[in-house]
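What follows is one structure encoded as structure tokens, with my remarks underneath.
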Amino acid sequence: MRPRSSSSLKCLLLLVWNAVSLAAVCLQPDVPENGHIFFETTSRYRPGIQAKYACTPGFECVGVERRVCHENGTWSGRAPICAIKVALNKLAQLSSGEGAQNALDESARCALNEPEA
């Protein structure tokens, strides 16, 4: 159908937005001193991705070893720390950097103790 006159011709532009999910991304998680983070894919900071923590040799992971990026852009839990390993039955000065200073005598050996209350 043709308009009757040019004055009755109107241009109507209709914009329709699709509901596209703009998922949040997480910031880079904290990397512990003496530690590393590994990711399962190359899209590292997307929701659902896991960050896996590992410590360099001579250190052990204290805390969670895996964290997950949430939809709201935050990581689950807290980053672990990499604590120096204390070797049982080794001479104190060989176990850690401070052992010799804290040992009563140079033949003191490391032992597993109950945690203090």
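Every residue gets a Cβ built from N, Cα and C, even glycine.
The disulfide bond recorded by TrEMBL for C69 reaches one of C11, C26; that cysteine is C26. Partner cysteine of C82, as given in TrEMBL, is C55 (from among C55, C110, disulfide bond). Within 10 Å of the C-beta atom of C26 (disulfide bond) sit 21 other C-beta atoms, taking all shown protein chains into account. Cα separation, C82 (disulfide bond) to C69 (disulfide bond), rounded: 21 Å.
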